[in-house]
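Quick look at what TrEMBL lists:
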- 22-280: domain 'G-protein coupled receptors family 1 profile' (DOMAIN)
- 6-29: transmembrane segment (TRANSMEM)
- 41-67: transmembrane segment (TRANSMEM)
- 79-100: transmembrane segment (TRANSMEM)
- 121-138: transmembrane segment (TRANSMEM)
- 167-186: transmembrane segment (TRANSMEM)
- 222-244: transmembrane segment (TRANSMEM)
- 264-283: transmembrane segment (TRANSMEM)
Amino acid sequence: PDGSFVLRYFIYAIIVFVSLVGNLSVCYVTYKENRMRSFAYVLIGNLAASDVLATLCLPFILVYLYNGKWTFGTAMCKLLNPTVTVFAIVTTNTLVAIACDRYRAVVFPFKVRPSTSETRMIIGLIWLMALLFTLPSYGSRMVTPHGLCIEVFTTEPTLQTSLRRSYSIFMFLVNNLIPLLVILGLHTKITLTLKNISLLPQSFQLTRTSSLAGRDRKFIRMLLVVVILFVICYMPYQVIFLIVEYKPSVFDNSPEVMYYLFSYSHLMVWLPCALNPVIYAALNERYARSFTRLFC
């Protein structure tokens, strides 16, 4: 293996370690500490749980990328790859749910927060939606004679290409574009509301902002950093994937460029799993104190 290969797999190893330690810590403090039982923090715990499960799948994917062939059997092919997609959709939908909660906290600060049962129902719906969106992949994954684990919807080549492209676009919309547009719209409204509050008379401003208590603003800032990291790390891979899907001839004369673009964009997809807990600790006092008590 060349130096680039060794570097990438070394970074992958760090990602796996930091992700498991960091996200398991988030799950633990969410479960153990009462002050972490609010709707937004439980959603962060759900995000961390999804990242833990995705990270446990990563070693199998790395073996597949290294060998260039799927060696874990048809059952694992049908199970593993779609399940990783489920975790990715859970991540984006959870970010949308957190943004909706922050929107409620800022724009409608006196509205009652979701109860424990409502929180469980929302998290259940997030996972159910992810599973439903991924069902076509569960049903169509197979190992080809060349050892590739891919989606085969039909044996008719033209229809197969059409169905695969349609499903790819659908997944891009539900897992990336639509959630990001919703989050952008919510954060725009949040920003405008906070700006309008600052223009109100001082007496009313104190009444209105007391419900925000400063910590909500910090939580919003933390969420914004998480979303920006998500966009930076996910979008390059999605764009390259769609280019290869619709214009595979683009890289015919430069396969090495294609190899490095795919390799490093795939690496970037996994960075948020490791960096999110670091962001929580750096930008949120509750997590910082909880992690300090846990490790010190």
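Glycine is treated like the rest: Cβ placed from N, Cα and C.
Here the structure is a predicted model, which means the values were calculated and not measured.
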- Task: Would you kindly list the residues that approach the transmembrane segment (121-138) from elsewhere in its chain, counting only those six or more residues past its ends and only Cβ-Cβ distances under 8 Å?
- Result: 42-43, 46, 78-79, 81-83, 85-87, 89-90, 93-94, 97, 114, 151, 153, 167, 170-171, 174-175
- Message: Please identify the stretch among 41-67, 167-186, 264-283 with the greatest number of Cβ pairs below 8 Å relative to the transmembrane segment (222-244).
- Response: 264-283
